[in-house]
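So that you can see what the record holds, here are the features copied from TrEMBL:
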COMPBIAS  B:1-14  compositional bias 'Low complexity'
REGION    B:1-27  region 'Disordered'
TRANSMEM  B:45-66  transmembrane segment
TRANSMEM  B:72-90  transmembrane segment
TRANSMEM  B:102-123  transmembrane segment
TRANSMEM  B:310-337  transmembrane segment
DOMAIN    B:314-535  domain 'ABC transmembrane type-1'
TRANSMEM  B:349-370  transmembrane segment
TRANSMEM  B:401-423  transmembrane segment
TRANSMEM  B:443-467  transmembrane segment
TRANSMEM  B:488-506  transmembrane segment
TRANSMEM  B:518-536  transmembrane segment
Amino acid sequence: MARKPVPGTQAGLVVGELEEFDEADASTRAHSALADGPVRDMPRRPFNLRRWFTETGWRHVVGIVMIAFSLFPIVFVISSSLNPNGTLTGSNALFSKIGFDSYVRILTDPQVPFTTWLGNTLMISGITALLTVFLGALAAYSFSRMRFTGRRFGLIGIVVVQMFPQLLAVVAIFLLMSAIGDLFPAIGLNTHIGLIMVYLGGALGVNTFLMYGFFNTIPVSIDEAAKIDGAGHARIFFTIVLRLVAPILAVVALLSFIASVNEFVVASVLLIDTDKQTLAVGLTKLVSNPRYADWSAFSAGAVIAALPVVALFLFLQKYIVGGLTAGAVK
Amino acid sequence: MSTTTEAAATAGDPTTGGTGGKPPTRRQRQAAGIADAASVGIKVLLVKILGLGIIDALAIFGIIILLGASQWLVAAIVAAVAILVNWIYFSRRKLPAKYLTPGVIFLVVFQVFVLVYTGYIAFTNYGTGHNGSKEQAVSSLMASSLERVEDSATYPVTVVDRGGELGLLLTDPDGDALVGTATSPLEPVDAEFDGSKAVEADGWTTLSFAEVLARTDEITALAVPFSDDPNDGAVRTPDGSSAYLYVSALEYDEAAGTMTDLETGTVYSDIGTGAFTSEDGEELLPGWQIVIGFDNFVRAVTDERLAGPLLYVTLWTFAFALISVASTFFLGLFLAIVFNDMRMRGRKFYRVLIILPYAIPSFLSALVWAGMMNESFGFINQVLLGGASVPWLTDPWLAKVSVLTVNLWLGFPYMFLVCMGALQSIPDDILEAAKVDGARPWAVFRLIKLPLLLVSVAPLLIASFAFNFNNFNTIYMLTDGGPRDSNAPIPVGFTDILITMVYKVAFTGQTRDYGLASAYSILIFIIVAVISIIAFRRTKSLEELN
C-alpha cells in the first residue's frame, strides 16, 4: 500500500515524491484546480472510489469507449488480412485463423499489380513532396525576406487560390492533358510526369503559407551577418536559411506526401493503364464490389499501404500538430 | 511578429542596401550589384547556365512541335515565357522573381488556367458525341457509313507501318504505287515491286504475314481516304491482301453545310446545335463542339429531371459539410477537455490510440468501412448486430447517416489535436483569476475557455468546412454517391455531393457530358467564393498579412 499511486495527482506519483512535486509544478496543477476543491488538501485525503470516479475515473471510461470506436475498423482490417481465405463473410470471425497467405496473394497475383501500384504511389508522392517543398520554400523565402511590388497581392492571391482545389477543375485538367498528350506524349495523359506536374500546380498554396510563417520567425540578422561576410542571396538561402527551417520542410513534405497518396480524382482521370495507376485508384477498383472481391487480399494490401504512412505520421507527430494548427487540413 | 517584420522591411531586398526604406541611389544599386556578382562563384554560374540551357532546349523543341501542329498562339506563349525566364535569371535585379517564377509557372498553368478553362467548357456542348471540330465530325460520319462500291476495281495491297501508325500501300490498275493512312489520303510513293504488286515503300516498314494476323482488327477497321474530298470515299481491306473502294452512304455538301443520306434522301443540315439534324429533329452523331452560351446552366436549373437532383445534392452538400464540421469539432473538443486533466493517468496512451484514424490514408479507411457496412456480409450486420440486415449504404437516409458517421471517425482526431493545442495555450493566470473571482467550472468553460478557443480554432473550422464541402474520397469510396436515383438522366445518387456529381457526370456512365459537369463546377466556384468572402470579412485574416 505504501507505494500505491495517489489518486488525483500527476500520473504515477507516489506519496513520498509528492512534496517536491507540489512546489515544482504548481502551474500545471492550476488546470486540475479548476475541476475540484483546493489542490493542496487532496493528497492527505484517503482513497475514495466515488471521488476517484467523478474526478478521473469517468475519463478513463470515455477513453476506453473512444479507443474502441477508433480501433475497431483497424482491428477488423488486420484480422481479415491475416485470414487466409478470401471473402468478406469469411473475415467476420476476428482472428479465427492466422496466416500470411493473403499477403502472398496480393504481392504476387499477376492480375493485380499491387507492387507496381505501391511503387508508383511512392514515386509520384515522393517526387511531388520534394518539389512542393522546394518550390514552396523558394516562394516563402522571397515573401519573407524581400519587399517588392505585388508582394501583398501575391500573398492574398495564394490564400484565394487555395480556396479552389484542383479537383474542381478536373474536367479541364483532363482535356488539357489529353491535348498536351497529343503533341507531347511523354508528359501528357497517362504519364506519371504529367500527374506530378498537375500536382505541382498546387505547390504554392497552403504549404507556402505555413513556410512563410516559419521563415518569419528566423531572425533577419542571421541573413545580414552572412551578407556582410560576402554571401550572395542564393548561398544565404541554400546554406543557411534552408537548414534553419528544416522542421517545417519535413512537415510540409509529409503533408504533401499524404495528400498525394490520398488523391484519387485527378489520378483516376489521368492514369489510364492499370500498370500506371496509384494505390488509391487501383485498390478502389479492386473492391468496387466487396461481395466478390478477394477481401483479405485487399486488407493485406491496405495494411501494407497504410504502414509507412502511419509510421511516418506517428514519428513526426509533434511537428505535424504544430503544422496543423497553423492552417493545414486533412 | 511586428518586430520581425520591421526588421525584415529594413533589411529587405539586398539591392536596397539597407537604407531603411528610402529608394537607393544609383551608386548604391551599382555597389550592391557588384557585391552580389562578386559573391557568385564560377560553379554557381555554370549550374545556372546549364539549367537555363536545358530549359531553352526544351522550349525550342516544344515550339518546333507546336509550329508543326499549327498551334501558333501556344507556340508564341511558350516562346514568350522562355524569353521571360531567361531575362529574369540573367538580370542582376528581379531578385524576388527568381524565387517565385518556378512555382508561379505551375500555379498559372495547372491551377489558374484550368479554372478559367473550366469556365469556357461550361459554355460549350463538349462531351460524348461532341468531341472535336466540324471537319473531324464530317470525316468520322463519312467513314462510319462506308459501303463497298459494286463491281469496283480490286487493288493489290500491302499493309505497312510508320511509327506505330498503320498505312495501306496499294497498286492502282496503271501499276503506280500509292500510300495513305487513316488521316492522310492516298498519294503516290516510290516503291519496290514484286511482280505487279508494290511490296515496300520508302520510310515505311512492311508488316509480315504474322504481324498482319496479329493486327487483323486494326487493319480491317482501317479506312484510307481516296482523296481530300470525303465524297470520293475510301479504300479498305477485309483480308490484308486486296483492297476495294468504299464510298459513303452519306454525301457532304460543303457549300450548303448539309449531309444527305443517299439511300433515304434525308437531308441533315447544320442548324447551330453542333450536329447535323434532319427536319424531324433526328441528329447524326458524332457532332462537333460549339459554344452554346448559358444552355448548360439553363438546362441544369430548368430541366425538371436535372433540377431536382441539383437541388437535393446542393442541400445535402451543405448539410454534410456543416454536420461534419460540427460533429467532429464537438467530439474533438469534448475529448480534449476530458483528456486535458493533469491528474489522469495514461493520457499519452489514450491520445496515440485515438488519433490513429487520422494517420491512416482516408481512402483506405473509407474502403474498409464500406466493407464493414455491407448489408449482407458486413461485420457490423453479421457480428455486431447478430445477423441483422440493416441497409447501411443502400437506404437513402441511412446511407446519409453512415456517411456522416464514417466522416466523424475520419475527422474527429484532427479536431481533438487542434482543440488540445488550443486549450493548452490558454494562459493559466486568466483561469486562476476567474476562479479567485468565484466562477464555477461551467462558467469558466463557457465564458473564458470557449471564446478564447474559438479565436484560434475558427479559421480552422472554416477551412474544415471548405474541405468537407469537396470531400470526394469519403463519399466516393463509401457509397459511390448511391443509392442511385433512378429518375435522374445523369448518374447521380442520394449521398452525392456536388464534387462527386461533377466527377460522375464527366467521367462515368454511357455518355460523358463535360459541358454540364463544368457548369456544375462553376456553381461550386461561386458557392465557395461567396463563403470565402464572407469568412474573410468576418475573420479579417487577410488584413493581418504584411
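Glycine too: its Cβ is placed from the backbone N, Cα and C atoms.
The transmembrane segment (B:310-337) shares more Cβ pairs under 8 Å with B:488-506 than with any other stretch in the list B:102-123, B:443-467, B:488-506. Away from its own ends, the transmembrane segment (B:45-66) comes close to residues 74-75, 78-79, 81-82, 85-86, 89-90 of its chain (Cβ-Cβ under 8 Å, at least six residues beyond either end). Same-chain residues lying 6 or more positions outside the transmembrane segment (B:518-536) and placing a CB less than 8 Å from one of its CB atoms are 115, 118-119, 121-122, 126, 296-297, 300, 310, 314, 462, 465-466, 469-470, 498-499, 501-502, 505-506, 542. The list of residues near the transmembrane segment (B:72-90) in space but at least 6 beyond its ends in sequence, with Cβ under 8 angstroms from a Cβ of it, reads 48, 52, 55-56, 59-60, 62-63, 66, 97-98, 101, 105.
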